[in-house]
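These notes concern the structure reproduced below.
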Amino acid sequence: QLQSKVLILTICAAGIGGTFQYGYNISIINAPTSYIQAFMNETWLERTGVPLESNVILLLWSLTVSAYPLGGLTGALVAGPMAIMLGRKMSLLLNNVFVIIAAVLSGFSRMAKSFEMIMLSRFFTGVNAGVSMNIQPMYLAESAPKKLRGAVALTSASFTALGLVLGQVVGLRELLGREESWPFLLASNAVPALIQLTALPWFPESPRYLLIDRGDKESCISALRKLRGNSDLSAELEEMLAEQAAVKGQRAKNPWELFKNPALRWQVVSIVVLSSAMQLCGNDSMYFYAAYVFQEAGIPQDKIPYVVIGTGSCELITSVTCNMIIDYAGRRPLLLGGYIFMAGWAIIFMVALSQQTQISWMPYLSMACIFAYILSFGIGPAGVTGVLPTEVFDQMSRPAAYMICGSLLWFNLFLVGTAFPFIVKSLAHFCYVPFLVVCICTALYVVFFLPETKGKSFLEISEEFKKRNFKAQTRAGFYKGPEEIRSTVL
């Protein structure tokens, strides 16, 4: 089937230079931590003749690490205007410029004896990830047929997990994890960018963007033909034309317009809750704990990086599994199941940590909890959260919705990264209590307020939310009716 091949290749071309980079760039920075800190100290010593104090080195390293989410936040804010003005595909292609600049900066930083170049490089890498995390799921969900929309948009999460694992593998001592090769490790993110620049131009732009934003029906039909082959396009085209008619005369909205619009109240609340929960649920902090727990379980220090690859592989396996079942199971059960299981594992993990030194087999239970927590995150929240903004907003609101989602995602990533060491210090073994609260509250929100979007057209989903948004007004309307009638009788 040629059309399914074109769709699969489009997914791969968008993913390799898209969300793959987000996962890859999060994990490649871990292996050379000590080497880069030593390089900062040597550079400063050469410049001033005075070595840096350990707390200053730590501060410089924190700035280097936090430059990534700061860049991501910037990328998330420019992604909306880029998607509207340049189109989805062109934005993804242009986005590679940021990562190539970053690769050049980090690749030549040792030669130039400048650790500032590494900081700047991490900022540009963040911008690249911020843009792709917003535009890739939008591009893929708009290009996919209705019955596969969830699975196709969810591949963004699979590419993130694949990037995480490959970053961990490339950072091993046997590959690019040695002291002399860290500039090459940091510059290796140029390879996926070059692959995308070569492959993506051969594939079509989002048909929805071409028809609804550009009003170009011929290009839309040609893009659909490429993606669907010879199958009957009339029903899909009719649905798109209905959506085009529904948004006729409107322009693309700004994020603050979404907040002010009562017709979008529950959609905005839903993406705010779910995007925040995705970073505040403590999944990334599990990686922080992984090395310590594995060490306590008696795994030799030099073997820990290999076991950590197992944690990344867990996320990859579950996101691929989630891909296969999302359009059968639906969005709500996966989100709900993920957060309920995470809440359960958080409780067991805290008990295991508190008994780590008393009971000999507790470190193994902690290990099992880390894997189980990451698996629970991968099966639902990791992927479904990225799909929802595409499904619950119309074409004119979608880029702004992704800007809100992306900004929250990066801000909360920065918040958790900054606050988690202090949380561990003050709460010790019970450091997962804040994350437990987030998981329980999110699960309750999904149960009571989030409608199912599986197998529905964008217009049907909009109608469902419209009923919720105007429930209060319609009730008021019913009470007004009889009074007016009574007054006419009199």
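All residue numbers here begin at 1 and follow the chain in the order shown.
Glycine residues also receive a Cβ, built from the backbone N, Cα and C atoms like all the rest.
Bear in mind that TrEMBL entries carry predicted annotations, made automatically and left uncurated.
The domain 'Major facilitator superfamily (MFS) profile' (11-454) scores a mean pLDDT of 89 in the predicted structure. TrEMBL lists 11-454 with the feature domain 'Major facilitator superfamily (MFS) profile'.
According to TrEMBL, the transmembrane segment annotation covers 7-24 (among others).
Sequence-distant contacts of the transmembrane segment (56-80) (same chain, at least 6 residues past either end, Cβ-Cβ under 8 Å): 25-26, 29, 33, 36-37, 40-41, 91, 98, 115, 118-120, 122-135, 255, 399-400, 402-403, 405-407, 409-411, 413-414, 417-418. Taken from TrEMBL, the feature transmembrane segment covers 56-80 (among others).
Positions annotated as transmembrane segment by TrEMBL: 92-112 (among others). Sequence-distant contacts of the transmembrane segment (92-112), counting only residues of its own chain at least 6 positions beyond either end whose CB sits under 8 Å from a CB of the stretch, comprise 14, 17-18, 21, 39, 75, 82, 86, 118, 120-125, 127-128, 131-132, 135-136, 139, 182-184, 186-190, 192-194, 196-197, 200-201.
TrEMBL lists 151-170 (among others) with the feature transmembrane segment.
Same-chain residues lying 6+ beyond the ends of the transmembrane segment (334-353) with a Cβ under 8 Å from its Cβ atoms: 274, 277, 281-283, 322, 325-326, 362-363, 365-366, 369-370, 372-373, 376-377, 379-385, 429-433, 435-436, 439-440, 442-443, 446-447, 450. Annotated transmembrane segment per TrEMBL: 334-353 (among others), in sequence order.
Taken from TrEMBL, the feature transmembrane segment covers 365-388 (among others). Outside the transmembrane segment (365-388) by six or more residues, the chain places 133, 137, 141, 149-150, 153-154, 156-158, 160-161, 270-271, 274-275, 277-278, 281-283, 286, 289-290, 293-294, 296-297, 310-311, 314-319, 321-323, 326, 331, 334-339, 341-342, 345-346, 348-349, 352-353, 356, 405, 442, 453 with a CB less than 8 A from a CB of the stretch.
Sequence annotations record features per position, and here TrEMBL assigns transmembrane segment to 400-424 (among others). Residues of the same chain lying 6 or more positions beyond the ends of the transmembrane segment (400-424) and with a Cβ under 8 Å from any Cβ of it are 65-66, 69-70, 72-73, 75-77, 79-80, 83, 126, 130, 133-135, 137-138, 252-255, 257-258, 267-268, 271-272, 275-276, 278-280, 282, 284-285, 288, 385-386, 389, 392-393, 431, 434.
Look at TrEMBL and you will find 430-450 (among others) tagged as transmembrane segment.
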